[in-house]
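Copied over from TrEMBL:
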- 12-439: domain 'Major facilitator superfamily (MFS) profile' (DOMAIN)
- 50-70: transmembrane segment (TRANSMEM)
- 77-95: transmembrane segment (TRANSMEM)
- 101-125: transmembrane segment (TRANSMEM)
- 137-156: transmembrane segment (TRANSMEM)
- 168-188: transmembrane segment (TRANSMEM)
- 241-262: transmembrane segment (TRANSMEM)
- 282-304: transmembrane segment (TRANSMEM)
- 316-334: transmembrane segment (TRANSMEM)
- 340-359: transmembrane segment (TRANSMEM)
- 371-392: transmembrane segment (TRANSMEM)
- 412-434: transmembrane segment (TRANSMEM)
Amino acid sequence: MGSSRFPKRYLIVFLTFICTSVCYIERVGFSIAYTAAADAAGVNQTSKGVILSTFYYGYACSQVPGGWAAQKIGGRRVLLLSFLLWSLTCAFVPLDPNRTMVLVIARLLVGVAQGFIFPSIHTVLAQWVPPHERSRSVSFTTSGMYLGAATGMLMLPTLVKYRGPQSVFLAEAALGAMWSLLWFSYAVDPPRSEHPKATASGFGESLLPMKGSSKMKVENGVHSTKSPTIPWKRIVMSLPVWAIVVNNFTFHYALYVLMNWLPTYFELGLEISLQEMGSSKMMPYLNMFIFSNIGGVIADHLVTRRILSITKTRKLLNTVGFIVASLALMALPYFRTSGGALFCSSVALGFLALGRAGFAVNHMDIAPRYAGIIMGVSNTAGTLAGIVGVDLTGRLLEAAKDAQLDLTNPESWTAVFSIPGLLCIFSSFVFLALSTGERIFD
């Protein structure tokens, strides 16, 4: 596990944090660079929408295959290969908005490649991180997404201004290459990985109870290393898995709606220029970064000190996060100043991130050996939620315009933010009723 001063698992967690940060810098960066190039070339909004959404179709298609590949050949290898694929795509694809088919294929490739990343990360963390450190480890890793989004939004427009849109692609490819080199140099498979129930640190097993009578096979004192068959039917029929899927859908519905439409709400709903807001527009994402890590620390404290069981800890943080977020989302259209809207959106996204210490860690509680598979299934639902939510929001706003409602009218935005708010309430009750922190897959 490395030296006692700095265990190897901490380095693995830190590298996965950098991984998610770089991935979200790429996602935000493409949107910024392509929008600038497309506007300069006079590309219409429909064509822009096709290019910007293509990534998510590729991303959705590769979630479950990503979990399967990580299970079969190892999350460490899959993570490296997927990173190299999207980095090379960014490096060699020209950013020409008039070459639509080239960009569609490129974005599909990047989406497919990045779809392998998060299931692989969950597989790696499930192998390396003991149960009482999982909440803060996963929260820290995923908080890289929000820090990456905030960094990209703050820094990359300047790069576009002075170096041109293509420079963003090259910068992203360089970041991807540097991370790949670090991962190749320092990431290794965990010790005792042949032990199906072992945690990499050698402790914490007592905190992970088993349901049912499933036992680990031991022959002549030696643990069997036979590769397990993935229990697809049990996974699909498992209510705790569905609790994770439902909450992942809701989380990403709310996140993608705010990421894609909050700028429009400021520009058209409040008639406030984003440029005039300066760095304050990054606060919602920075709040997600902060609250994601707070949730992880609180969860691990409750479990380690045996204040609450793993099940009660997951349910508590998931419920608090989603209920508070729902209230902030439904109140958002009634705040008519930039400060009020920033406050509401920051609270909503911050507490959604807090809730990730519930549902988003639960993969590794119930099925540490199949964490990548279940992550792939639930993340597919999350990606589809983004596609549905972003498209539905546009249709709702068009319907409001058809009904002679001006977009500065709060009623035009009520349904936009109420839908994710109500979904948060529904999902929190689903998680309370169906989830567990006990291991249910051997």
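Glycine residues also receive a Cβ, built from the backbone N, Cα and C atoms like all the rest.
Cβ atoms under 8 Å from those of the transmembrane segment (282-304) belong to residues 131-140, 142-143, 145-147, 149-150, 153-154, 207, 258, 262, 310, 313-314, 316-317, 321, 342, 345-358, 361 of the same chain, restricted to positions at least 6 beyond its ends. Nonlocal intrachain contacts for the transmembrane segment (241-262), taken as residues 6+ away from its ends with a CB within less than 8 angstroms of a stretch CB, comprise 149, 235, 284, 318, 322, 325, 329, 345, 348-349, 352, 355-356, 358-360, 362-363, 366-367, 374, 377-379, 381-386, 388-390, 393, 416-417, 419-421, 423-424, 426-428, 430-431, 433-435. A contact between the transmembrane segment (168-188) and the transmembrane segment (77-95) is present, since 3 or more of their C-beta pairs, 6 or more residues apart, lie under 8 Å. The transmembrane segment (316-334) makes contact with the transmembrane segment (412-434), as judged by at least three Cβ pairs under 8 Å among residues 6 or more apart in sequence.
Among 77-95, 340-359, 371-392, 371-392 has the largest number of CB pairs under 8 A with the transmembrane segment (50-70).
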